[in-house]
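Visitor: Below is one structure. I have some questions about it.
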Amino acid sequence: MSSTEQGTSSAAPAEPTTAPESAAAPEVPESFYYVHGKDKVVHKVSAGALQHSALIHGMISNLGYTEEQAKANPFPFENIDGDILQMVVDWCNQHKGKPTPPEDTNLPKQKEKLFDLVLAVNYLEIKELLTYCCKQVAMMVKGKSPEEIREIWMIPTDAEDEAAEKEAKKRAGKEAAGETAAAAGDAK
Amino acid sequence: MPISLLSLPIADLQYALNCMDVSDLIAFSLCSKRTKNLVKSSNREIESISAKVDENRVRICIMAEIYREDANTRYYRNVVFKLFDSYIELHRNCGIEVWRKQEFTQSHWIAHILSIFDKSMIEELQICQACPIPYLDTVKKIILKCQKLEIRDRCPNDFAKIAISKLSSLAVEMVEINKNIFDDENDISKFLTLNLTSVSLCDHETPFKLKLEDLLTTNIAKLIIRTAIITEKELNRFVKLWIKGSQRFCRLEYIRLHLEDGIEMNRQEVFKGVKYQVTEDLGNLFALTRQDGKELRGSIEGTLILLLFR
């Protein structure tokens, strides 16, 4: 298993030099967690950066891992491609403890990547990033005609939708018939 | 792997739709029945939707707020398109785009737009200038109902009268005429007998001359005239006839008349021989009650006459 170290630079606390003694708060060492996607590449992320994800934040709170346990048990996100998870981790690190700006110009412009990012971010429950991504999705069709939008967003025609619906119904009917036959067989 | 917008989780999809400008949203709604329903369920609010008739074409104008989540100031933009059977011409980005939908007539285009923005009718139908008379029948077929019909001042008088006779029944709330189109005294009398809810006549250059008979025969519930010419004597006779409880005036709810600048009504003259109360603490309002309990309230202040019937 390969490993990339993410967010380590922000882990070292700056030495307080001029702060008066009475105001100096005790330094709490930052804890780190580990995540990996479909490609099994492990990313080390600070707890502060991971606070953006409601899903991971909830997992951390529920599991109560020590740093050693966390290192030994990276959170697996097998449904997220490695490069997409890398983007998410980068974004979380960049926006750690900062107010989120109204626009984010670093998001991918390629349609496939953006859609995968939306699905991943939706799964990880990162609200601010999801907002940016959805805006980016909307921007893809700015000033486009219905025909162009159909092409960009791969929207089926009414006839295609109807055919798909018929097919789904047919499949559901077959499955139901199969279950009934199996139940009858069991009863015998 | 094919990826489509419609495969996004519904909440994300709706959020993306919320970020879109109205013209993009309309384009998206035209892709399929499914996209139309998605736009409908996004509950996008628009400021207004009006139809303008110029020469022989209907233009639809949608005023909507521009999407700016982070801004405190609201910005609005007009989306304007001309209607044709099977296509529309959209004026956007300093150019004209053509969107086609083979099976759509002009009525279909309007029905589609009203449906996606959850509107039951066009809010304002403006007749901006003269068009061929038969085209007014087409307009009537395309726009089944509107809240307000407005006849603009560029319409010639004869055309405006025909437009009113053909289209006033479409207006469920108000008919507004921005020009004195009434050439002789009979004209305005005839117009005021139309069964309309609310009428606003507006012309500052050529005031509307009103006679007692005009007020007696009116079948309009709410009448606003700016600028009107009427004498104190005629108003006095009108008030006296109202007190007698004539069968007329059954529909009248209010009359608001704005007189010409510099002409002021003398209230004493208007109420000569009539018993009435004045409540000076409430802005010099007058009130009088007739035998059947009906009330006439209002005010005569400077160039404004307001009569409220209850």
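Cβ coordinates are placed from backbone N, Cα and C, and glycine is handled just like the others.
Bear in mind that TrEMBL entries carry predicted annotations, made automatically and left uncurated.
Keep in mind that this is a model prediction, so the values were computed, not measured.
Quick paste of what TrEMBL says about this protein:
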type     : residues  : note
COMPBIAS : A:8-25    : compositional bias 'Low complexity'
COMPBIAS : A:165-177 : compositional bias 'Basic and acidic residues'
COMPBIAS : A:178-188 : compositional bias 'Low complexity'
DOMAIN   : A:38-96   : domain 'SKP1 component POZ'
DOMAIN   : A:127-170 : domain 'SKP1 component dimerisation'
REGION   : A:1-25    : region 'Disordered'
REGION   : A:160-188 : region 'Disordered'
Visitor: Taking helix as H, G and I and strand as E and B in DSSP, count the residues of the region 'Disordered' (A:160-188) in helix, strand and coil.
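Guide: DSSP classes over the region 'Disordered' (A:160-188) add up to 28 helix, 0 strand, 1 coil.
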Visitor: Over the domain 'SKP1 component POZ' (A:38-96), work out the mean pLDDT and round it to an integer.
Guide: 88
Visitor: What are the helix, strand and coil residue counts for the domain 'SKP1 component POZ' (A:38-96) according to DSSP?
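Guide: Split by secondary structure, the domain 'SKP1 component POZ' (A:38-96) comes out as 33 helix, 7 strand, 19 coil.
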